[in-house]
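Have a look at the structure below, then the notes.
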Amino acid sequence: MGNLVSEVNSLADGWGKKWPAPAKLNLMLRIIGRRPDGYHLLQTVFQMLELCDWLSFYPVEDEGVSLKNPIPGVPEQDDLTVRAAKLLKKHTGCHQGVCIEIEKILPMGGGLGGGSSDAATTLVVLNHLWELGLSVDELMLLGLELGADVPVFVFGYSAWGEGVGERLTAISLPEQWVVIVKPECHVNTKEIFCAEGLTRDSKPIKIADFIAGDDRNDCAQVVSKIYQPVEDALKALSFYAEARLTGTGACVFAQFGSKEAAEVAFNALSLDWQVFLTKGLNRSPLYRMLE
Ligand SMILES: C[C@](O)(CO)[C@H](O)COP(=O)(O)OP(=O)(O)OC[C@H]1O[C@@H](n2ccc(N)nc2=O)[C@H](O)[C@@H]1O
Ligand SMILES: Nc1ncnc2c1ncn2[C@@H]1O[C@H](COP(=O)(O)OP(=O)(O)OP(=O)(O)O)[C@@H](O)[C@H]1O
């Protein structure tokens, strides 16, 4: 870790503050084709959630990028926050360094986009703290180099997503209560996109079709077949409301019209599962804080 600059002269403008890196849900996910490089072309609905990781950024006296508390099992140089900060430095020629602290709340390999959101918050906040002046569009393009889920978190709105998830249109969705169940397994996104039985030729739909109820996730069948805990979680949650997979899993979720109804499911499922109770948001809490 680099030498931390004295905090006294730095806290005023956002250094040392806790910034949110929200989770997302894929409220539906259709695979409509494949690019020549193997990446899949999707249609998806991203919904931002109140549930967040929290990141803090500390100035250092050298140019280094380091972590205050590396995530167990993730080498520091592979951490998406470190990669995001280095990419931003390389892209802009910025000579400043940073030490990043991560308070990890979101389960890894959960389909909630935690690593991607950590990367996006790093891009957006360092652009602000280092006064680099990049636009949201420029940051989204940089983010895409780190992962297909990064651009939507930089965009900062619940969105209709196309392409690999980088062609985004903000949409306004009901900000419902959500119960998320995390089965005891990590799903590897690449494994699912490589799976033999995966549907890759779904017919494209329109936003209106989704709103009318077409909300299937093309990965769900394959994921449930390979990961029994996901199948079990879907079954357990569907006792309370329609249960769906987010992204390539492992998490499954259900939406509720009231906090009370969500709490009934949350309390009962907490006895046997890791469960989160949260709320959908149309605007990312990161931008609510920045603005
Ligand atoms: C499933 C989603 O979470 C839905 O939002 C995303 O499409 C996945 O986004 P992500 O986790 O940021 O994925 P990346 O880190 O970009 O890609 C991981 C791997 O998944 C495969 N991949 C990913 C996204 C995509 N549209 N097609 C793919 O085939 C690629 O093999 C890639 O090497
Ligand atoms: N800051 C980070 N937080 C979480 N994972 C990270 C981070 N940096 C690197 N990773 C790596 O990224 C992998 C995927 O983590 P992530 O939490 O983004 O999964 P996910 O929620 O399934 O993502 P997605 O929904 O985008 O597919 C982890 O297994 C880990 O090896």
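Glycine too: its Cβ is placed from the backbone N, Cα and C atoms.
TrEMBL lists Lys24 (among others) with the feature active site. Within 10 Å of the Cβ of Lys24 (active site) there are 30 other Cβ atoms, across all protein chains. A strand conformation is recorded for Lys24 (active site) in the three-state DSSP classification.
Positions annotated as domain 'GHMP kinase N-terminal' by TrEMBL: 80-156. Confidence in the domain 'GHMP kinase N-terminal' (80-156), given as mean pLDDT, stands at 97.
Around the Cβ of Gly111 (ATP binding site), 30 further Cβ atoms fall within 10 Å across all displayed protein chains. Here TrEMBL flags Pro107, Met108, Gly109, Gly110, Gly111, Leu112, Gly113, Gly114, Gly115, Ser116, Ser117 as ATP binding site.
In sequence order, Lys24, Gly113, Ser116, Ser117, Gly165, Gly247 make up the list of same-chain residues 6 or more apart from Asp149 (active site) whose Cβ falls under 8 Å from its Cβ. Among the features that TrEMBL reports, active site is placed at Asp149 (among others).
For 219-270, the entry in TrEMBL reads domain 'GHMP kinase C-terminal'.
Counting other C-beta atoms within 10 Å of each candidate's C-beta, the binding-site residues Gly109, Gly115 are led by Gly115. The Cβ of Pro107 (ATP binding site) has Gly114, Lys182, Ala250, Cys251, Gln274 as same-chain neighbours under 8 Å, each 6 or more residues away in sequence. Close contacts with ligand 1, defined as a Cβ under 6 Å from any of its atoms, occur at Asp149 among the recorded positions Lys24, Pro107, Gly115, Ser117, Asp149.
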